[in-house]
Each structure stands twice: as C-alpha cells, then as structure tokens.
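A.B. asks: Here's a structure for you.
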Amino acid sequence: MWKLKIAEGSPGLDTLNDHVGRQIWCYEKDAGTPEEHAEVEEARAKFTEQRHEQRQSADILMKLQLLKENSFSPLPTQPKVDRFEDITEDAVQTTLRRALRFFAAIQAHDGHWPGDHAGLMFLTPCLVICLYVTGALNTVLSEAHRQEMRRYLYNHQNKDGGWGLNIESHSTMFCTVFSYVTLRLLEEGPHDGDEGAMESARLWILDHGGAIAIPSWGKFWLAVLGVFEWSGVHPMPPEIWFLPHFLPIHPGQMNIHGKLILLPMTYIYGRQFVGPITSLVKALRGEIFSTHYNTIDWQEARTMCAKEDRYYSTPFVQDLAFTFAKQCTEPLLRSWPGSLVRKKALERVIKWIHTEDKNFRYVGIGPLSKVSVMLCCWIEDPNSEAFKRHLLRVHDYLWLAEDGMKMQGYNGCQMWETVLGTQAVLSARMHDECNSMLRKAEDYISKTQIQEDGNLDTKLWYHKISKGGWPHSTRDHGWPISDCSAEGLKVALALADLPWAMTGSQISEENLFDCVNVILSLQNPDGGFSAFELKRAYPWAEKLLQSETFGDITIDYSWVECSSSCIQALVAFKKKYTTHRKEEICRAINRACRFIESIQRKDGSWYGYWAVCFTYGAWFGITGLVAAGKSFHESEAIRRACDFLLSKQLPSGGWGESYLSSENEEYTHLKHGRAHVVHTAWSLLALLASGQAERDPVPLHRAATILINSQLENGDYPQQEIVGAIHKTCMTTYTLFCNIFAIQALGEYRQKIFHS
C-alpha cells in the first residue's frame, strides 16, 4: 500500500531545514488493512469509470491517510439552503466549522497542506525518457511506481485515442506521441491497454501525420531517445551563452524558467547526445512515423508541426535564424577549429549547471529543468556524484492520486497553498477552534523562509537576491517568488496580531524587513511586479523565441496577481512598521496601483496569468486597488471590474470559467453553464472587497448559496475543472483550492453581511 511520507530525508540529501515540506510517496507491500485496500481500489475504479467526465483527481489516497492519522472528528449536521433568501449566519457558520475541521484533518504534521500539483501531460514522459536513456528507469522507479504511471497515462487518454497538453485539453501530437512512447518504455506492448488503447493511440498519431509533426520540444526529447534525428531539431548552440550580456537576445535576459530549461538543452544539443539504440527504440521508429524512418527528410521535418499543436505561429525571422544556424554556423562549430569554441561553450554551460545544482540542493527550479540537468550530469559522467544526487530528488516531483502517479509542475506547491490556506483560516475568525492548525502553519511558514542568498556571482549567473523571500514549495527548492513572498509576509503580519500564546514563536522583524527588500527588488520600471525576476528583454524578443505550443516563455512580465499581492503585503507592512523605508514603499504601492489600472482590459477584466483566468485576475485586480486605498465610488477601474464580474454570474448564482479562457484570452463559461466552487469563491471575494454588500447584496447571497450547498458530507468540497495556469496553454492542478477559497469566501461573507 502507498504511504505519503512527510519531512523525511535519506542519505546523501542536503537540506537547510530538516526536509520540512518534503513529500514522498512510498510503496509498502505489507501495509494497510483489507478495508483500506478496498477503499483505495474503489476510488481508483470510480475515477477510471468517470474519467471522461471528471478529469481531476480528488487526492483521495492522501485524504484517506491523513484523515485517519489526524483522527478526523464527527461534524455538525450539514446545512442546505433552498433559496438564497433563507441564508442565516448559523448556516454559514456551520458550513465554515465543517470545512475547517476537514481542512485541519488533512494538514501534515510539519504544518503544510499536501496536494496534487500536476496536470501537464508532457512532464512524466520527459522523466521516463531521461531515466531510460541513462539506464536508471527500473532502479529509480519500482514496478509499483511504473504501474501507477501506466494507470495515470491510460486514465487521461482522450476518447479519440490521443492525449492533450493538459488533462482536459484536446489531443495533440506532442502529448500523444510522448504518452505512447512512455507507455512503451514502461513495458506496455503495441497492442496493450483496455479496448485497444495503444492501437488507438498509434492510429491517432499516424492519422495526424506521424511523429514527424511533433512540435520542437518533442523533437528534442525524441532525438535524445533515438527516435528522431538531430538534423531534424532546431539548433540550440551552447555558444549563445557567449553573446554579449547586454544584447536583448542573450538567453540570460530570459525569464528564469526559460533560461534554466534552455541551459541544459544547449548542452545536450551541443553534445548531440543519443541514448542507446535498443530493440525497443528501433521498434518505436517503425511505430510512430507514417513513412519508413530511413526515408524521412529530416531537414523538412525540422519545421513541421501538427495543426493541433500550433497554438502560436513562429515568425519568419525565427525560421530564418534557425536555418542560418543549421546550415552555416553548426558545420563550422562541429569541425576544427570551431570545435574548440564548442568545447569551451560546453564547459561553461556544465559549470553553470553544477553551480545551480550545488546552490539549490539538486532539486531544480522545475520539472523540465530538473530532468534536463540530470541528463547533462549523466552525459558528462555517468558515475558522477552530481547524477547520483539528482536521482535522490526525483521522487520529490512525483505525486500519487486515485488516477495514478504523475510528475508535478514543481516539487509541490506547499508554501503557496499553506499561506493561502492560513489566510482562509484567519478569514473564518474562529481562532479558538483553529489554534493547533495556525500554530503548525506558522511553524511551516517560518521554517520555509529563505535565509541566505547562496554562493553565487549574481551578475555572472543572472541571479538576484533571495534572502527573506518565500518559494512556491520548500526552502530546499530555494527560489523566491514575488507573490509567494508577499502572501507569506501578509500571513506573518496577520499571525503576529494574534495572541502570542496562540501561535507561539513569531517571525523576526529582521526577517520581515528582508522580505520587504526582496519584494521591492522585483518591481519593474512599468510599476508592476514580476514573479521571479525583473523584466529584462523586449517584447520583440518574445516573438523571436516563440514556441509553437507555449506563450510568454521568454520574458517575466509584470502580472496583475503579483502586483496585487505585493501591494497588499506592503500596505499591511506599512501599517505596522510606519517608518521602515516609508517613502520607497509608498512610491512602490502607488506605481503598482497605476500599473494595475493601466492593464485593465476594455471590458473591465484583467487577464489572470497564473490561474484560470478572468475571475482570478478580477479578484487580484480589485483587492489590490482596494488595499491601495481605492474605492468603488472613486475608482472607475473597480466599478468596471465589478460590472464585468456581475455580467458573468450564472443563473445558478455561481461562476464557472473554462481553461479555454486562458488559451483564447477571452472569457469562456464552463460547458452547460456549470458553476465552479473556486471561480465562485474568487468572484465573491472580489465583490465583497469592492463593497458590494452595501450596494446590492443579492449577488453575494446567490454565490454564498452555491458554496454552502456544494459542500460534501465530510466537509470537503468537490474537485471540478482545472484551475491553475501558466504560459497560457499549460494548466495545472491545485486540489486544495476548492477548500481554501470556499472557506475564505464564506468567512469574508459572514463578516461583511452579518457583522458590518
């Protein structure tokens, strides 16, 4: 039986805080009672049966374990509201109490709330390909792991036989080829799978032009595996790191994720690495192409991309640059004396890789970077200590649910969901009942704050300050993010206002000042705040490096969400520490406020980049402006945003937004006009912050009715459509958002409606 292990290490792992936040799924053959096994199998069978209607898993395996460990207590009787006019404070309070008890019961012993953070279908295949070519697949992944990965891939196959970019999207060549290849590497035969699953996948591939039409990132990984030729891959010369730093096209000017994904890819490309050509690799060459492998025109294949995968058109200048590099510079760099330049470039890249690894404990900033860097270490030396240390961190990225095992978008979202969850608990204003929960959460938040800048030459390696910030997941991950830092600061200040005996030790003033320093360092000249680092390049550089599949991969722009979080944190800080960097903080708030107003769309909405989508953007846009001192009556931006939200409210009283809003940049309702708990909660929070209760509370009552009636018998909330997003087309899972935001919205509703 599978067990989730929290805050446990293993020999060879470096850590800064005793592995606090680390979450690892381990298979224990003899663990569990027959009843527990039956519960797990029932959850798996139910998901598989309903997989085409309900794509999101509900983290049932994790919840079964934690509810038992934390001795989940009986709940008050569940209230139901027939009409919004019948809402009483008692109904709201009872719903909150039930939700809080459930939420407390799924908190880990180190204070964070674990949860699924996957959703992207191309991550697990990259890991499996890397482990296969390095010969580590069966060493790192037991048969139990491999079986759960097979379960995951089959569960998320579309009815047409293909796989989408995320668990809800239409089938794409990228993820259909990747999933098919991965299943073959996981020892599935070409005719295996229920109802001919493998055959239907292969048929989808061939009917849509074959793997020759996979987008560029797919071509790269297939070349690594040996089922694509490097001559059919866009050039990624490591020499680009020798360009003058001031050039906008220098990759050091890219956003941190793009930079640290491209870095190892240039090394792998420069080495033209190909894994062992096994009988399975040879078989795949004959299975996924519509013509014989040896007759493929690889030069022509280099620019091909299936229409299902082409979210964005690549500009002519990019095609011209790639063609020039392929035909002119690459031949020079592969032969003497140009090969000496390549040798130096490869040495520089691998040195940078080792520097990053040592400073960030071999966790990696994200899954694609992690896997690519791990492969680089093996290419340099298969027996290296670096590669061995990377293998020890693979399981940090794996998550298990009733739909199977998958690779997550980070090594988790522990810090993010913990600070959001803590704010939700505080919003309920039932502190006496949440004492233990708040103590544990503060302990996690305190131990996760970054306390050092690392041993890095910030200019040479394109780094910024880290000390005082908070990461998305764990301290060992170590990358500070503006909104995680801002929300962490907000929570630290809010907890400090509670009685000392309730939460125990508090975060020091010096650490709070360090956090403010990190936040202020991330404000761009346009007044907005980036996520990881300042915006360095120009928008035209984005076009030059455009991917067919992903949006905004080059520049870390200013975002409405990050800007709003930073405004709210700085305002809260300024109220308590009135003299610390006073003028600088006031200027930062005013500039960020103007930025939020400047990027509002004509219809009154804001595009939410980090979640789906316009409801998320509206919540941050409104709350940021309100925190800065704006009001509905004096701010046209707030009025327009409220009008926008109210225009999208469904007849049921809720809101429900499709992930297509993120892809198409246009508000799209869920199918059949369904309401979504999370979108309803975000919209309710935004309207409450704007003062809607004083103007017309009816829309609020209707939304609150949805949240009350959606609660499940055990105090949980249902998993619905996917809510996380990045790069416009990449949707990610946050299974705890339904709990967190339902609690926060009902807590604020209760306060504004019954206690104002």
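Note: Cβ is positioned from N, Cα and C throughout, glycine not excepted.
Per Swiss-Prot, repeat 'PFTB 1' is recorded for 96-138, and the stated evidence type is sequence analysis. The repeat 'PFTB 2' annotation in Swiss-Prot covers 146-187. If you look up Swiss-Prot, you'll see Trp416, Trp610 marked as site 'Transition state stabilizer'. Annotation comment: Swiss-Prot describes 438-491 as repeat 'PFTB 3', evidence class sequence analysis. Swiss-Prot lists Asp483 with the feature active site, proton donor, giving similarity to another entry as the kind of evidence. Residues annotated as repeat 'PFTB 4' in Swiss-Prot: 512-554. According to Swiss-Prot, the repeat 'PFTB 5' annotation covers 589-629. The repeat 'PFTB 6' annotation in Swiss-Prot covers 638-679 and is backed by sequence analysis. For 700-747, the entry in Swiss-Prot reads repeat 'PFTB 7', with the evidence type sequence analysis.
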A.B. asks: At the level of the C-alpha atoms, what whole-angstrom distance separates Asp483 (active site, proton donor) and Trp416 (site 'Transition state stabilizer')?
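C.D. replies: It is 9 Å, counting Cα to Cα.
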A.B. asks: Would you say which of the recorded sites Trp416, Trp610 has the most Cβ atoms within 10 Å of its own Cβ?
C.D. replies: Trp416
A.B. asks: Can you say which of 96-138, 438-491, 512-554 has the most Cβ pairs under 8 Å with the repeat 'PFTB 2' (146-187)?
C.D. replies: 96-138
A.B. asks: Mean pLDDT across the repeat 'PFTB 4' (512-554), rounded to an integer, is what?
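C.D. replies: When the pLDDT values over the repeat 'PFTB 4' (512-554) are averaged, the result is 90.
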A.B. asks: Count the residues of the repeat 'PFTB 6' (638-679) that DSSP assigns to helix (H, G, I), to strand (E, B) and to coil, and report the three numbers in that order.
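C.D. replies: The breakdown for the repeat 'PFTB 6' (638-679) reads 21 helix, 2 strand, 19 coil.
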A.B. asks: How big is the gap, in Å, between the Cα of Trp610 (site 'Transition state stabilizer') and that of Trp416 (site 'Transition state stabilizer'), rounded to a whole number?
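C.D. replies: One finds 12 Å between the Cα atoms of these residues.
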A.B. asks: So if I draw a 10 Å sphere around the Cβ of the residue listed as 'active site, proton donor', how many other Cβ atoms end up inside it?
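C.D. replies: So the number of other Cβ atoms within 10 Å of the residue listed as 'active site, proton donor' is 27.
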A.B. asks: May I have the DSSP-based helix, strand and coil counts for the residues of the repeat 'PFTB 7' (700-747)?
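C.D. replies: The composition, in the requested order, is 22 helix, 6 strand, 20 coil.
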A.B. asks: Among 96-138, 589-629, 700-747, which stretch has the most Cβ pairs under 8 Å to the repeat 'PFTB 6' (638-679)?
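C.D. replies: The stretch I would name here is 700-747.
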A.B. asks: Thinking of Cβ pairs under 8 Å, which stretch from 96-138, 512-554, 589-629 has the most of them with the repeat 'PFTB 7' (700-747)?
C.D. replies: 96-138
